[in-house]
Each structure stands twice: as structure tokens, then as C-alpha cells.
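Chemist: Just dropping this structure here.
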Amino acid sequence: MGEIIHRSKTRPVRVGNLTIGGNNEVIIQSMTTTKTHDVEATVAQIKRLEEAGCQIVRVACPDERAANAIPEIKKRINIPLVADIHFDYKLALKAIEGGADKIRINPGNIGRREKVEAVVKAAKERGIPIRIGVNAGSLEKRILEKYGYPTADGMVESALYHIRILEELDFHDIIVSLKASDVRLAIEAYEKAARTFDYPLHLGITESGTLFAGTVKSAAGLGAILSKGIGNTIRVSLSADPVEEVKVAKEILKAFGLASNAATLISCPTCGRIEIDLISIANEIEEYISKIKAPIKVAVLGCAVNGPGEAREADIGIAGARGEGLLFRHGKIVRKVPEEKMVEELKKEVDKLAEEYFAKQKA
């Protein structure tokens, strides 16, 4: 596969201290599972998401208690905050006033034009964007009557309906999502959207399932979309701790070379030649490098048959043998280490590489 091409013609949109679209990297987003009015629990979860690599976080804003919590939450976190609003324009106004960096609301669903105008005016004054969220499971009645069932054409038509409402009010800081739980439908909808308008696209396979099944489904769908150069932000939706969503999203982006601030692990599937405890070593190293924000490729390989050749693809790696391992750096043997010190020595080398990377970045 050739290099992934970003949709460089996508309109850039500011969200807090980030710019989405243009030539910028794909941004990882997640959503809290706490009651938003419970500020302590919500902030604690967002802090965990930040640590895992989440770059934008969305909170549900179903009522006034949730909207009233926005200012305090915003004050205590370090990443842009998105308020998710349905139907009630007053909650959108309150969230904007409270410091939300973006709101997710469909303008066609909040009533009379003056209500939409009030939300747009407030968003303009604060310089925050609006995400239009189209979902195959909640398309407008007129769309379903026209197409008979959720289709990609219907989803794009729904998005355009909401986009035009905002454009008529001279509002263009728009982000669009077209989510479906059916992977093929989502892929087709995003492809059509990318050909139809230049607003940034937020990717997601909605209601994808539990940690295992949802990871597979999201990787299949989001991977297919990303491989076409489509997408500016991404959320993996799982029936699991949202930290797991961030981990999966990061791995999907790394698989396509779209994450410049994350370390990657290569490890072999093991076979009868293995004479070291490779699985536990690989798991420990994976956990160790998960918080390293440098594009380092680390290999943990089980034997001397394929190990040296595969290690050449990595920046640093270890190939196990009988009770010892060969430590490689950029494909060349650095030294032999006993099995009991393999993990410790590999971690030291990873740290050195990370320090070298950060030193170059500062230079």
C-alpha cells in the first residue's frame, strides 16, 4: 500500500488549541461515560483519557445540570471539550457560554429559525465550531420515506440539509460525522461525503460492540475509510472503558502511519521454536511504551530464525534465544543479554531512543 494521503483540501477548523482538517494529523477523540453533572467523576475520567492519548473529549449535555457543569470541567482539563446537545437550543447556549470548545448539535432538530440563529450567533462570538452528527439509526422521517431505509445517499442528504442551514447564516466552522453500525454503509457514506463537501470529517462506526468485537469492527471500518485518505478526527465507540477506545484508535492510526507521536510494538505470534516467555515480555513492553510520545518502533521476537531480519524494521528490538536475547538497534546487534535482564535492558534502550528523538525535536 502506498502512502496514506490526507484530504489536504479539507477546510481547517479550530477546536480549542487544535486545528482539525487541512494538512493536520488525524485527531483522537473519545466520550465520557460519567454523568456530566458529577464534575469530580467526569474530570477524573477525562484525566485518564488525556493520559491514554485522547486529544478531544465529548461530554453528554442532556439537561441543565450537565450544562452548568461545563465551566468547572473545562477549568480542570487540558484538552478541548465538546458538549453533545440534542434538541434544546438553550443547553447549547449555556454550554457555549460555559466555555465548550465545540458543540455537537443538528441545527435542523432544534426548532424555529430564531433558535438556530441564537446558537450560531453565540458560536460565532466565541469562535467555536459546530459538529453536525448524522447517524443512520436516527435519520429524519422525510429521508427514510424517500429512500425506504438508511442509505449513504440519504445520510449525505441529511448532512447537507443541516450544513445549508448553517451556511445560510454565514457559518462555516463546521465538522461533519456520518456514523452507522453497518460497516459497509459507513464506508460508502464517508466516501460520498468526501466527494460532496470539504468540511472536516469525524469518523466513527457507531454501536460497534464490546471491547473485542467492537475493536475488530472499528478497525475494519475505520481502517478502510482512513486508507482512502478520508477523515480528520476519529472515535472508536466501544461498550467498554473509554480509555480502551483511545488505545484502539491509536493502534488503528499507527497501522496506517498516521500517528507521529506514538511508539509501536512488533512482536511475533510465537511457535514451537520459542524458548523464552515472549508473550509476557511483549505485554510488558507494550504497556511500557504506551505512554511514550515518540515514533519509535520496538520489536520483541522469539527466536534467531526470523528475529534478526524482522528486527531490521524496528528502531530497537530483542530476539530471544535459549535463556538469552540479542539486542538490536536499527538492525545491528548491540549486545547479548540474559533472559532475566531482557526487559530491563530493552526499556533502557527505548528510553535512550525517546530522549534522542525529543532532543532532535528541540534542536
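Here the Cβ of each residue, glycine as well, is placed from N, Cα and C on the backbone.
These came from Swiss-Prot, pasted as-is:
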BINDING   CYS268, CYS271, CYS303, GLU310  [4Fe-4S] cluster binding site
Chemist: A 10 Å Cβ contact count, applied to the binding-site residues CYS268, CYS271: which residue has the minimum?
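Modeler: Counting other Cβ atoms within 10 Å of each of the binding-site residues CYS268, CYS271, the minimum falls on CYS271.
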Chemist: I want to check the contact list for CYS303 ([4Fe-4S] cluster binding site): same chain, sequence separation of six or more, C-beta distance under 8 angstroms. What comes out?
Modeler: CYS268, CYS271, ARG273, ILE274, GLU275, ALA319, GLY320, ALA321
